[in-house]
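Note sheet for the following structure.
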Amino acid sequence: MAEIIDTRIEPDRAIEKACAVLSGGEPVAIPTETVYGLAADATNADAISRIYEMKGRPRFNPLICHVSDMAMAEAHVTFDPISRRLAEAFWPGPLTLILPQRSEGTVHALASAGLNTLGIRMPEGFSRRVIARFGQPLAAPSANTSGKISPTSAAHVEADLGAKLKLILDAGPAEIGLESTILKVEDGRLRLLRPGGLDAAEIEALTGLPVERPEAAGATIEAPGMLASHYAPGAAVRLNATDVHTGEALIRFGGKALPGENAAALVLDLSPSGDLREAAANLFDYMKKADASGARTIAFSPVPSEGLGEAILDRMERAAAPRN
Ligand code: TXA
Ligand code: MG
């Protein structure tokens, strides 16, 4: 079973122990501001292999590399001027940039699944201190079994991967609760590969450029992990519910009661006051709670599509997508 160290109580021991486990080529679950990550030394092929094994993740699906500062990023990737401005404005934070790898970079090809680009970000919070001390980028996907909902607490990680892990660092609930926004700058155009914890409108405001969405669902998969069925709870999912069927678990928004609610197995409100940040932070935890209620169906009431609503709706749609 995994040892769990609370970083708020024992920060120094957490860092020392994490670095020791990482140096031994083993993954460690680390808290980031978006979701908990399953981190390993990005320069060590065996360590990266263990991430894929633990998650049951297909090896064609590349991992995001996490750095503690710009110098560490620049040792492995090259920045075009727009990406550099974005990094300067939004790092540390919930933005992943897809950038060309440097030939002299030492991130192992297993981390990037053989692509000549690297997904890279500088996380906020305790994980950044771990990376700084470790001195090498950490490859880290979300710390969940492949295809399952991402963990936003140490308890989520423990329930899913606790038996396989040596160490989980617990920094409390993830502040943002949704994975990072993934952006690729190509020929001066901004392409959104995954909506996430950074509102695309903030990217547009900084650059004065439009953020381009993929034309249609099912178009070429640019971020190879963005397969439709992802973030899947065990229960079936019903979107845009305007009423509740008997025995369903309801996840609603904005304090609005729905007809039929009193016959629901469980009613949760992502944000009674209608705050999308609060809704994002609660989404995955509530999906897990609704799933654990034993209800056969989870009904979601509508959420506004602006701001963080885009990423919230994306995750809801993925939860509802047909499974394979
Ligand atoms: O917030 C996050 O991004 C979290 C925390 C732990 O940092 N990580 C995360 O990782 O969500 P993961 O593995 O669950 O999702 C990473 C996504 C995948 O869809 C993957 O295909 C894409 O990033 N990706 C990674 N490298 C890429 C590359 N070189 N080109 C295109 N997509 C890439
Ligand atoms: Mg993931």
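Glycine residues also receive a Cβ, built from the backbone N, Cα and C atoms like all the rest.
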Considering the L-threonine binding residues T34, H66, R121, A140, S142 given in TrEMBL, which of S103, S180, S271, S273 is annotated for that site as well?
S180
Given R121 (L-threonine binding site) and R194 (ATP binding site), what distance in Å do their CA atoms have, once rounded to a whole number?
14
Please list, in sequence order, those binding-site residues from R57, A140, S142, R194 with the Cβ less than 6 Å from ligand 2.
S142
Give the sequence-ordered list of residues that share a chain with R57 (ATP binding site), lie 6 or more positions from it, and have CB atoms under 8 Å from its CB.
I51, P141, S146
Would you mind pulling the DSSP three-state label for R194 (ATP binding site)?
strand
Among T34, H66, S180, which are recorded as binding-site residues, the nearest neighbour of S150 (ATP binding site) by Cα:
T34
Residue among binding-site residues T34, H66, S142, S180 with Cα closest to the Cα of Y231 (ATP binding site):
S142
